[in-house]
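What TrEMBL annotates here:
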{"type": "TRANSMEM", "residues": "7-27", "note": "transmembrane segment"}
{"type": "TRANSMEM", "residues": "106-126", "note": "transmembrane segment"}
{"type": "TRANSMEM", "residues": "138-161", "note": "transmembrane segment"}
{"type": "TRANSMEM", "residues": "181-210", "note": "transmembrane segment"}
{"type": "TRANSMEM", "residues": "222-244", "note": "transmembrane segment"}
{"type": "TRANSMEM", "residues": "287-305", "note": "transmembrane segment"}
{"type": "TRANSMEM", "residues": "339-363", "note": "transmembrane segment"}
{"type": "TRANSMEM", "residues": "391-415", "note": "transmembrane segment"}
Amino acid sequence: MKTLKHVYAFAIASRLTTITIAILSFLTTGTYDSSADIQLASSSLIHRCLSVFVRWDALYFMHIARHGYVYEQEHAFFPTVPLAARYLAQTVFSPLQNSLGAQHTIVLAAVLITNISFILAAGTLFKLTRSIFPGHPQLAAISAIAFCLSPPCMFMSSVYTESPFAWLSFTGMLWYSKKHYLAAALVWGVTSSVRSNAIVYSGFFMYDLILRRFGKCSMVTGLIRAMVYMAITFSGYAAVQYYGYLEYCPGRPWCEQTIPMLYSFVQKEYWNNGFLTYYEVKQIPNFFLALPIISITVVGLWRYIQYDGLWFWSLGFLSSKDQGGEPTMGYTSRRAAPFMYLWGVLLFYATTCMHVQVIIRFFTSLPPLYWFTAQLWMEGFGNHSKAIQQWIAKIVLSYYVLYGLVGIVLFAAFLPPA
């Protein structure tokens, strides 16, 4: 599978398989929690089938789509995807409201948004990988396959933001890889109105336009350009925060902060997110859930750094290799360095400041995860692979497939993990 057409075909097949398993599982076993049925007033078969896409956080997204922000804690969820779903439900899909009802039409619109975004994300990841690793089409194709087999596959087909966020993230990264910084910033500006963590993409501009030009005459202009692009990247996030400020201030404790940030307050106050706040004995099972992705990330970063640790830790200013030392193996290419720094920063953040099991969904928009997974599969399933490489590749593939399948069934039944 080495062409974009094949990538899209595989992505479509993966979504159809995921949705089919979820609906059949739900119709067979039912659901542990009736929250979605109560909120959606599901009665007919098609209503029940649509309700399978509304679990856990999706209930908040649906409430925002229907009523806007009503409660302060809802501001942990950004508005772009639910509002887009509502807009489509009231325009393109408005004829369906007579038969499906307003709420289920929104669900249908949201599911189409997420699944189309998923398919586009797979294709964009393929193109991004070809851009970063020219001459390595197999790495690009297998990376796209790894994305399509993402362990939280059901979340990426439901009323969640993972798939739209991944697509927009990859699109901005593709523009960045081609040095079209303004286009990347504009895309990431929209992305930061989908999920807050898009603001870290501003680091790409810092790396290219400031760090890589340190000590050069072009550093001053690079600094100015970087600040402009960073401001654009932050704009979506800032707009969401400004809306919250207008809604609640004065009158709430976070309004008096030097930089009033509703999102940070909500995450701490209502969701107990903060530095090491999740490090409790009762959360040990969730750390075990996150362990496979953490392990893949740690080993992936180690493999990358191992090639030239001096170059990596000095941010490219020093090197233990000569000028001809650019690796021929795609994964360790220096062109991937800013993505590896991003991977490392988000690993630290996810393991210290978040509900750690969410890392499984949080990392779905990180290309290095799929690049390293693809590298492992290429090494393990190749013609001249060693026994240990075969074993590792099979373990990783089994994790992707089995976690995904079990996750579909549990999600459909409204059971953890979420």
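Backbone N, Cα and C atoms are what each Cβ position is placed from, and that goes for glycine too.
Please treat TrEMBL annotations as automatic predictions, because they have not gone through curation.
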Remote residues contacting the transmembrane segment (391-415) - C-beta distance under 8 A, at least 6 residues beyond either end: 18, 21-23, 25-26, 29-33, 35-36, 52, 55-56, 146, 149-155, 158, 292, 296, 360, 373, 376-377, 379-381, 385
Stretch with greatest number of CB pairs under 8 Å, the transmembrane segment (181-210) reference, 222-244, 287-305, 339-363 candidates: 222-244
Tertiary contacts of the transmembrane segment (339-363) (same chain, 6+ residues out, Cβ under 8 Å): 132, 151-152, 155, 160, 162, 173, 197, 200-201, 203-204, 207, 271, 273-278, 283, 286-287, 289-290, 293-294, 297-298, 300-301, 304-305, 312, 369, 371, 403, 417
Tertiary contacts of the transmembrane segment (222-244) (same chain, 6+ residues out, Cβ under 8 Å): 69, 75, 78-80, 181-182, 184-186, 188-194, 196, 198-199, 201-202, 205-206, 208-210, 213, 260-263
Outside the transmembrane segment (7-27), six or more residues from its ends: residues with CB under 8 Å to it: 1, 48-49, 52-53, 115, 118-119, 122-123, 126, 141, 144-145, 147-149, 153-154, 157, 404-405, 408-409, 411-413
